[in-house]
Amino acid sequence: MELLCPAGNLPSLKRAIAQGADAVYVGLNNDTNARHFAGLNLNERQLVEAADYCQQHKRKLHVAINTFAHPNHFTRWKHAIDEAIAVGVDALIVADIAALDFIANNYPHQEMHVSVQASVTNALAIDFYKQFGVKRVVLPRVLSLQQVRQLATTTDIELELFAFGSLCIMAEGRCYLSSYLTGESPNTTGACSPAKFVRWQQQGARMQSRLNDVLIDQFTDDEQAGYPTLCKGRFVVNNETYHALEEPTSLNTLSLLPELLAMNIAAVKIEGRQRSPAYVEQVTRVWRQAIDHAKQNVTDFSVETHWQTTLDSLSEGQQTTLGAYHRKWK
Amino acid sequence: MTQLKVAVGPMLFLWQKELLEQFYERVAQSTADIVYLGETVCGKRRLSRLNDYLEWAKMLEQAGKEVVLSSLALLESGAQLQELKRVCRQSAYLIEANDLAAVQQLHSLGLPFVIGPAINVYNGYTLAKFAQMGAVRWVMPVELSRDWLVALKHEYAGLTDLPMQFEVFSYGLLPLAYSARCFTARHYDLAKDQCELICQKHPSGLMTHSQDGKKVFTLNGIQTMSGQVYNLCEDRHALNSSADIARLSMHDMDDLQWIESFALGTDAKRPDEHINGFWHHIAGMHCQS
């Protein structure tokens, strides 16, 4: 099972590799990837350096080109694909059918993974993507462990799961909440709840967080004010104020490792290209130890306290969940 | 320029069977051209079964409507795939695919299909690929604009001669997201596995306000929708020049009156609280005259 770690820049990539990542995924610094944030991702020169560094250390490099091409602008996506393939990346992570078709026709030997943004949740949808010769599918964070197990037994395509990091609770690639509030969504501009729409305002005793002027949440002094990701705000439903969609929390599947190994899951993915090199380093270290430990102790694996403490301290709202993998979460 | 057709989209809310029957009887008497039937949101909703929809399909056909059977957007289990295959076997009707599972199934059966709004088509290349697989109509994702539609049609025309009809979501609460989690059950502290189909208590969804009182979202089971009604009635001229079909999505019996506005091109005024941002390439919740 591959440990696949995020890198929004070269220092993160190097630290992930130093801590034992089997593979690292990156994006280019434009709107061809779903973490299109200012100051993040690699330019052409850095991509070459990343590829060289991974080759020297015998690790794999995946490049996410996983937004959807705008009409009459497909050349931008083609250029990103050509560039990534030219530097010899190991896998491309792709969501747009136009891009998959282009790669299948022009680079038939290029390894392709279907991005989580393509929202593939079932065996028939996986069959659809076989026409492009894809090797792997990244599953959205909407399936229960039992559903993942069913898929793993029915398909011959590799499955990759999100293991740790920010929890997207919607079927990825099919969520327009961000464009509803701001005009920009992961599918159209490569970002959810973009920072340029965020406004913090002290209002009496409360700190208010707004996204494009919509009040997402407000916090008292003793509460930690979180980033106004729109699905993690507190809203009012029937006079009750609560996290109507989801609490600010992170996904953590450490305790599922033996089951994921038994299911022959091809890779566990750490979310967080937007996070710091220090974050990537700490999370990678814990997951490397945990995977090695689980492989050696399949029957009596348990999550060590210091792993959990480290991951909790790095999590949104300092709390973690098994998300949809655990039926009760639904 | 041909006359804009009006489609009644699939009912996105869980209505009691009797109410849904009354609804389709009224649709049959309306001037709507096309009617989409079937459950698209949640596989657990079974107050009306495929056989009920097929009965209503017959009744609507007799009233001169084109009937399309719609299918589930989020398919997670083997049982849901089996149900999807049952829908896809109804070859007497055009089927709307809302997941690539349906595209795959309909393509393998050699049947034509509609690409529903929950499938990601953002460019002409992707639409041309679907056309080669059997798509004859495309319902644009709700977050896209008129400019996007025009550009995409231009790109598509340069790639293939295969005919394609273009449909735009033009009225109703916007379907914005699907989740594994049921937000209505969560509101009532019910587990999704024992949800008691609680969403039927909210036939127009569950309104979600910001803490300062603005309508933000509408919760509809696993679906999150817009807090306000999307309405392109004042954009009908632009709609007519760029699309073939306007989709109206109802959350109330009284919504049926909008069919006339879109079908006849009467100069209906958009109520102040209705929105149209997506069509104008701005935030969906905003509106532009």
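Keep in mind that glycine also has a Cβ here, set from the backbone N, Cα and C atoms.
Look at TrEMBL and you will find A:Cys168, A:Cys175, A:Cys192, A:Cys231 tagged as [4Fe-4S] cluster binding site. Reduced to three states, the DSSP call for A:Cys168 ([4Fe-4S] cluster binding site) is coil. Summarising the environment of A:Cys168 ([4Fe-4S] cluster binding site), the number of other Cβ atoms within 10 Å of its Cβ, over all protein chains shown, is 23.
Note: A:Cys175, taken in sequence order from the binding-site residues A:Cys168, A:Cys175, A:Cys192, have a C-beta within a distance under 8 Å of a chain B C-beta. Cβ neighbour count for A:Cys175 ([4Fe-4S] cluster binding site) (all protein chains, 10 Å cutoff from its Cβ): 26. Around A:Cys192 ([4Fe-4S] cluster binding site), the same-chain residues six or more apart in sequence whose CB sits under 8 Å from its CB are A:Cys168, A:Cys175, A:Leu177, A:Ser178, A:Ser185, A:Pro186, A:Thr229, A:Leu230, listed in sequence order. Around A:Cys231 ([4Fe-4S] cluster binding site), the same-chain residues six or more apart in sequence whose CB sits under 8 Å from its CB are A:Ile169, A:Met170, A:Leu177, A:Leu245, A:Glu246, listed in sequence order.
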